[in-house]
Amino acid sequence: SVGFKAGVKDYKLTYYTPDYKTKDTDILAAFRVTPQPGVPPEEAGAAVAAESSTGTWTTVWTDGLTSLDRYKGRCYHIEPVPGEESQFIAYVAYPLDLFEEGSVTNMFTSIVGNVFGFKALRALRLEDLRIPNAYVKTFQGPPHGIQVERDKLNKYGRPLLGCTIKPKLGLSAKNYGRAVYECLRGGLDFTKDDENVNSQPFMRWRDRFLFCAEALYKAQAETGEIKGHYLNATAGTCEEMIKRAVFARELGVPIVMHDYLTGGFTANTTLSHYCRDNGLLLHIHRAMHAVIDRQKNHGMHFRVLAKALRLSGGDHIHSGTVVGKLEGEREITLGFVDLLRDDFVEKDRSRGIYFTQDWVSLPGVLPVASGGIHVWHMPALTEIFGDDSVLQFGGGTLGHPWGNAPGAVANRVALEACVQARNEGRDLASEGNQIIREASKWSPELAAACEVWKE
């Protein structure tokens, strides 16, 4: 017979390698695989490894021009998921050479680009990634990180407080700026553009930036504290986005914001580099994340999106609340909160962490708790998230019966009371409600808030 051995072949012959010892430079992935009936797990795992690296559906003669052993992804371990029939965790190792340096975009295109529509699988979910040191070092990461942010803001030893300005759509720029001023004047550290606020007919971005900057400087002068407003620079093109960031820098404001999933990783990394070069902090909103991470058996877990963001760059990222209106299981949430903040995180399956991750001194990201939280949640939030976090109360500030500024006062008083109680050694988990009640005795603003949002 002439030629090479053509034809469709079993993936597992080439791509299932249980004896493989993973290298320090490999990118490791943990996939939750649900094969179609009759497809053995080894074949399904191997198919994932193949389709997300060098494989194609049939043997091609150009395979002979390269070294498959050097470039192929390998499925090196498979384990059944306890309590689920026909679900498996497939571990895949990718050689580092398959990826462009410093590009989250390319990393995702390779690992999750094609394989999720694969016929042999009923469903596929990327649960976790281990990014090797060598690859982490090709990324700039967050523009500034937690420590630098605290130094810029001169705020230490407590979580930071924020508030999303509502109604999210429809306010004029001047009224918007007024709401910003009231919240900051009342005692919040930050206010935030809603993720949908870009540049719409009722409020163009330049007008908003101007009035928010005015609000910020006025509040700063009156309180003696550094204030910020996350100016949303997200736009339809990268060029327009940078134009907005440049204007923010010219106004001298401390922080801008970006929707990193809808904006895309290329745009996000571009903005992140600009922010580091120009001393702007970068707040990241995760609009669209639930499209990707909500299904338990298909898509990508948020911890992967969080890791990707730390590589691409951002100083704050929304990461669920554990207590408010959006779902988030406590241990799992704490797992990816640690992945955002810490330099080194040990493998811990009970918290959903499949791999030990070393960030080799890449700056950390502040997790932002936001969504349906109010003053009664403050002790729990302080305890769960600790000092390095941003607690965002949108309705929990603006919904105060006396207005925005008293709403801000209520939140700040509640926070300071919780931090003080914790520092005195009291247990926030069991005494939380009592701590808030005590504080509300001398703060009418807090008392009114406690009344509106009963525990």
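Backbone N, Cα and C define each Cβ position, glycine as well.
Sequence annotations record features per position, and here Swiss-Prot assigns N6,N6,N6-trimethyllysine to Lys5 based on sequence analysis.
Annotated substrate binding site per Swiss-Prot: Asn114, Thr164, Lys168, Arg286, His318, Ser370, in sequence order. Taking a C-beta cut-off of under 8 Å and a sequence gap of six or more, His318 (substrate binding site) has these contacts in its own chain: Ile284, His285, Arg286, Pro367, Val368, Ser370.
Every protein chain considered, the tally of other Cβ atoms within 10 Å of the Cβ of Lys166 (active site, proton acceptor) stands at 15. In the three-state DSSP scheme, Lys166 (active site, proton acceptor) is classed as coil. According to Swiss-Prot, the active site, proton acceptor annotation covers Lys166 (among others).
In the three-state DSSP classification, Lys192 (Mg(2+) binding site) falls within a strand. Positions annotated as Mg(2+) binding site by Swiss-Prot: Lys192, Asp194, Glu195.
The number of other Cβ atoms within 10 Å of the Cβ belonging to Lys192 (Mg(2+) binding site), over all protein chains shown, comes to 29. Annotation comment: Swiss-Prot describes Lys192 as N6-carboxylysine.
For His285 (among others), the entry in Swiss-Prot reads active site, proton acceptor, with the evidence type sequence analysis.
Residues or ranges marked as site 'Transition state stabilizer' by Swiss-Prot: Lys325.
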Requested in this report: For His285 (active site, proton acceptor), name the DSSP secondary structure in the helix/strand/coil scheme.
Outcome: strand
Report summary line: Candidates Thr164, Lys166, Lys168 (recorded positions) passing the 10 Å Cα cutoff around Glu195 (Mg(2+) binding site) are Thr164, Lys168
Report summary line: Nearest to Lys192 (Mg(2+) binding site) by C-alpha distance, among the recorded positions Asn114, Thr164, Lys166, Lys168, is Thr164
Report summary line: Around the Cβ of Glu195 (Mg(2+) binding site), other Cβ atoms found within 10 Å total 20
Query raised in the report: Roughly how many angstrom lie between the C-alpha atoms of Lys166 (active site, proton acceptor) and Asn114 (substrate binding site)?
Result: 39
